[in-house]
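Report on one structure; see the data block that follows.
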Amino acid sequence: MVWKPGYRHLLAITVFFYCIIGYTVRVGINTTILSMVNDTVEEGQGVNATPVCPKSTTNTTKHKTGTYSWDRPTQGIILGAFFWGYIILQIPGALMCLRFGPRKVGLVSIIGFSVVDICLPYTAVADYRVLLLARFLEGLFEGVMIPLGSCLIGRWATPTERSGFSSFIFSGVAIGTVLGQVIAGAYSRAQERFDEDHNLYYVSYWEYAHFTFGGLGLLLAVVWFFTVYSTPDEHPRISANELALLTDSSCTELEESENTSVAENSPTEEGKNDSVMKRTSVDEDREISRPAAVGPVRRPKVPSMKSVPWKQMLASKEVWSIFIVHFALNWTHYIMITSLPTYMARVQNFEISENGLLSSIPFVAEWAVSQLAGTISDTLIRRRVLSATWIRRLASFVALAGSGTFVLAVGFVGCNRAGAVSFLTIAVGLLGVSFSGYAANMVDIAPSYAGNIMSISNTLGTLPGIFGPMLVGYVTKDSSSLENWMIVFSVSAAIAWFGALQNMFLTRSVLLPWGTYKEDDDENLSATARTVMSNEGSMDDAK
């Protein structure tokens with residue numbers, strides 16, 4: 001069988017770059033703010049004059065960068081403003097995808113955060129409060145990113161492709177983090193210059209990092225317009241074979257949901273899941289062999305906002321397992337993004353020129369692992385080596401338990417720089433396995449409402465981005481103390497292991513009764529509303 005790509009793969013690549021550019025915009029200021037602020041310090045003095053770990057070389061270089069006199073608390077508020085905007089649109093963002101379609105919502109999102117990032121250097125000139133607003137708006141525009149990605153996966157990926165699509169698309173998060181740090185660091189590096197009187201001064205081109213990220217975003221918006229469509233039905237160039245493959249997969253899942261009553265402790269659920277795997281194991285063969293004249297194509301039903309089964313969703317233990325796993329994963333992830341450069345500089349005493357690169361290596365590992373895990377997961381499901389339920393459980397367990405263990409190990413290596421970098425790389429790298437776990441499981445249990453589940457999950461998963469750095473800042477007042485950082489690593493490990501263990505009991509990859517949209521959902525809601533109104537009218541007449 002010869003594999004051939006389709007328009008769904010081109011869509012996945014575009015959404016992948018959406019995640020990359022979105023994250024460069026997100027993390028770039030973490031580096032450029034160092035050049036924005038007029039922060040003249042001499043390393044090795046002040047609170048950290050006597051670090052626990054000895055410096056490999058004497059470091060007393062003075063750094064003069066920037067013109068903005070913002071104190072540390074103000075800088076923290078600016079960096080944290082993104083998350084306050086980001087958390088607002090998680091649930092509304094998923095509803096907007098249902099109302100307007102992910103194509104339009106994504107286009108507005110990309111144009112929005114790109115334009116704001118291009119304008120960001122000018123907002124800093126105006127006032128730090130204007131910059132604060134810009135960061136808030138960037139978070140607001142990016143708030144739809146993850147729910148939108150899950151929504152598109154649910155509509156465009158066949159059941160056997162979901163692990164691969166999820167791993168590939170969301171691995172853009174890791175790549176964007178790496179590129180954002182490296183590119184922003186290259187632009188932000190202070191360069192020595194001499195004026196006409198031979199006086200030394202420093203220049204930095206940090207503004208061009210934001211111009212670059214914003215410009216790439218606007219270019220992506222053009223590509224998005226021509227490659228991303230809300231449903232396969234809407235795509236003007238999709239082949240009959242690919243459309244039939246996607247609609248057949250969606251409609252068959254719907255029929256199984258309609259014809260089968262899934263009980264909470266039914267002994268046949270795994271069997272039903274196996275039957276889904278049997279059906280989907282030949283997806284690619286069907287795409288190759290199906291003739292062009294396939295006749296009338298069954299159209300998958302697209303849900304509306306009022307059809308979202310919020311009550312059943314929030315009462316599902318499978319959904320709550322996803323929420324817990326996502327929160328635990330993000331705790332470690334956000335701690336690493338926000339605090340890893342500080343640990344490298346203050347505890348392990350890496351030079352500034354080394355810090356950006358070394359802080360990026362773990363996220364390169366995360367991307368590589370996510371791709372490998374996605375391929376292995378889909379292969380095991382297709383070959384029926386393991387059920388989808390166990391694939392999802394093991395993926396989340398390996399990601400959480402593995403990262404928790406190696407994060408804790410970092411606290412025990414002390415001043416061993418090679419050991420610290422190695423364990424941190426493994427810890428963050430293992431997080432990449434999670435995309436084949438909780439992220440793909442949302443689509444497994446509720447393909448029609450995966451975006452809604454992700455919107456709630458990512459809302460809860462954003463809380464570590466707000467409170468994690470606050471905890472680190474409070475605990476590590478002396479940021480060079482190994483004992484203080486051991487507390488940070490221990491808390492992260494405990495949260496990770498809790499998420500890993502509950503996942504082994506609560507996670508299931510079974511299509512839930514409410515997981516696929518039926519036109520009757522809207523009709524039943526309308527009928528119920530009419531009945532209530534009729535009853536109220538009768539009561540009024542009786543009065």
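Just so it is clear, glycine is given a Cβ too, placed from its N, Cα and C backbone atoms.
Look at TrEMBL and you will find 259-268 tagged as compositional bias 'Polar residues'.
Under the heading compositional bias 'Basic and acidic residues', TrEMBL lists 269-289.
The domain 'Major facilitator superfamily (MFS) profile' annotation in TrEMBL covers 10-511.
Positions annotated as region 'Disordered' by TrEMBL: 256-290.
Residues annotated as transmembrane segment in TrEMBL: 7-29 (among others). Note on the transmembrane segment (7-29): residues 78-79, 82, 106, 109-110, 113-114, 117, 120, 135, 138-139, 142, 145, 148-149, 152, 156-157, 161, 165, 168-173, 175-177, 179-181, 183-184, 209-210, 213-214, 216-217, 220, 223-224, 227-229, 232, 235, 237-239, 242, 246, 337 of its chain, located 6 or more positions outside it, place their CB under 8 angstroms from a CB of the stretch.
Under the heading transmembrane segment, TrEMBL lists 77-98 (among others).
As annotated by TrEMBL, transmembrane segment applies to 105-124 (among others). Long-range contacts of the transmembrane segment (105-124) within its own chain (CB-CB distance under 8 A, at least 6 residues past either end) are made by residues 15, 18, 21-22, 25, 28-29, 36, 68, 93, 96-97, 130-131, 133-135, 137-138, 140-142, 144-145, 148, 206-207, 210-211, 213-218, 220-221, 224-225, 228.
Taken from TrEMBL, the feature transmembrane segment applies to 130-153 (among others).
Using a Cβ-Cβ cut-off under 8 Å and counting only residues 6 or more beyond its ends in the same chain, the transmembrane segment (165-188) has close neighbours at 12, 15-32, 34-35, 65, 146, 149-150, 153, 156-157, 204-209, 212-213, 337, 356-357, 359-360, 363-364, 366-367, 370-371, 373-375, 377, 432, 435-436, 439-440, 443. The annotation transmembrane segment is assigned in TrEMBL to 165-188 (among others).
Sequence-distant contacts of the transmembrane segment (208-229) (same chain, six or more residues past either end, CB-CB distance under 8 Å): 7, 10-11, 13-15, 17-18, 21-22, 24-25, 28-29, 31-32, 102-103, 106-107, 110-111, 113-121, 152, 180, 183-184, 187-188, 235. The feature transmembrane segment is assigned by TrEMBL to 208-229 (among others).
What TrEMBL records for 393-414 (among others) is transmembrane segment.
Feature annotation from TrEMBL assigns transmembrane segment to 420-440 (among others). Listed by sequence, the residues of this chain that lie at least six past the ends of the transmembrane segment (420-440) yet keep a Cβ under 8 A from its Cβ atoms are 150, 162-163, 166-167, 170-171, 174, 321-322, 325-326, 329, 332-333, 336, 340, 347-348, 358, 361-363, 365-371, 373-374, 376-377, 391-400, 402-407, 409-410, 413, 454, 457, 503, 507.
Taken from TrEMBL, the feature transmembrane segment covers 452-472 (among others). Residues 76, 80, 83-84, 86-87, 90-95, 98, 146-147, 149-151, 308, 313-314, 319, 322-323, 326-327, 329-331, 333-335, 338-339, 342, 438-439, 442, 445-446, 488, 491 of the same chain lie 6+ residues outside the transmembrane segment (452-472) yet bring a C-beta within less than 8 angstroms of a C-beta in it.
Remote same-chain residues near the transmembrane segment (484-501) are listed as 324-325, 327-329, 331-332, 335, 339, 343, 347, 396-397, 399-401, 403-405, 407-408, 410-411, 471-472, 475-478 (criterion: CB distance under 8 Å, separation of at least six residues from the stretch ends). According to TrEMBL, the feature transmembrane segment maps to 484-501 (among others).
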- Message: Let me spell it out: take the transmembrane segment (130-153), skip the flanking residues so only those 6+ beyond its ends count, and list any with a Cβ under 8 Å from a Cβ in it.
- Response: 11, 15, 18-19, 22, 25-26, 29, 77-79, 81-90, 93-94, 96-98, 102, 105-106, 108-109, 112-113, 116-117, 119-120, 123-124, 162, 165-166, 169-170, 228, 439, 442-443, 450-455, 458
- Note on the structure: The mean pLDDT across the domain 'Major facilitator superfamily (MFS) profile' (10-511) is 80
